[in-house]
């Protein structure tokens, strides 16, 4: 049976974007997978996880795009190794791991790809409720950039779907488990590629999710 609807899925290699992609597939979309290399610390590991997730989803069309200019802009600890990754818990302020306007850049490129590939939707795994407080992960931001994208594209009908935006990390892990998303193929650590540090914001949020879901995380952590 020919699949009549297609979606660009922005897949970082982390568990949130992985779940969003599985939800897209379960909603009947043919996936066009999109991944970005921006010279982040765990770039090679994230790319590896992206391909493993795509393999599990049987995704044929994959795009890995070099957006290294993000590292040239700098101003964040994910690309600038002279800046330390915070290890003192989730802050009320926007942390130095925030990459300025990253999702705005990613979604603009995803919109161009969606138009070229004839996709009616873009799936992205942003989480507002249980996160590090990045301003480009909010529902308000997504709705606003969706309007801008449709003003700037020919058909004006691309929908950005954020199925995780109001979920807690515990809910994300539970739902991923129920959908048989292989979370052991995903990576969250900001700092390391072999053994997750367990103490950066992203690791803390991931571990919090598994604890709330009463499940064990199968990826390796520093002992």
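Cβ atoms here come from the backbone N, Cα and C positions, even for glycine.
Feature list (source: Swiss-Prot):
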| type | residues | note |
| --- | --- | --- |
| BINDING | 11, 12, 13, 14, 15, 16, 17, 18, 19, 20, 21 | ATP binding site |
| BINDING | 189, 197, 200, 203 | Zn(2+) binding site |
Cα-Cα distance linking residue 200 (Zn(2+) binding site) and residue 19 (ATP binding site), given in Å to the nearest integer: 21
Where residue 17 (ATP binding site) falls in three-state DSSP terms: helix
Inter-residue Cα distance where the pair is residue 203 (Zn(2+) binding site) and residue 15 (ATP binding site), in Å: 11
Three-class DSSP secondary structure - residue 203 (Zn(2+) binding site): helix
Residue with minimal Cβ packing [other Cβ atoms within 10 Å] among the binding-site residues 15, 21, 197, 200, 203: 197
Pairwise CA distance, residue 203 (Zn(2+) binding site) versus residue 17 (ATP binding site), rounded so that it is a whole Å: 15
Alpha-carbon distance [residue 11 (ATP binding site); residue 200 (Zn(2+) binding site)] in Å: 21
Cβ neighbours of residue 19 (ATP binding site) where a neighbour is any other Cβ within 10 Å: 26
11, 12, 13, 14, 15, 16, 17, 18, 19, 20, 21 excluded, remaining Cβ within 8 Å of their centroid (ATP): 53, 125, 186
Length of the line joining the Cα atoms of residue 17 (ATP binding site) and residue 197 (Zn(2+) binding site), in Å: 20
Candidate binding-site residues 11, 13, 21, pick with smallest Cα gap to residue 197 (Zn(2+) binding site): 13
Rounded Cα separation (Å) that holds between residue 13 (ATP binding site) and residue 189 (Zn(2+) binding site): 11
Neighbour-count leader, CB within 10 A, binding-site residues: 11, 189: 11
Chain-mates of 189, 197, 200, 203 with C-beta within 8 Å of site centroid, Zn(2+): 85, 188, 190, 191, 192, 196, 198, 199, 201, 202, 204
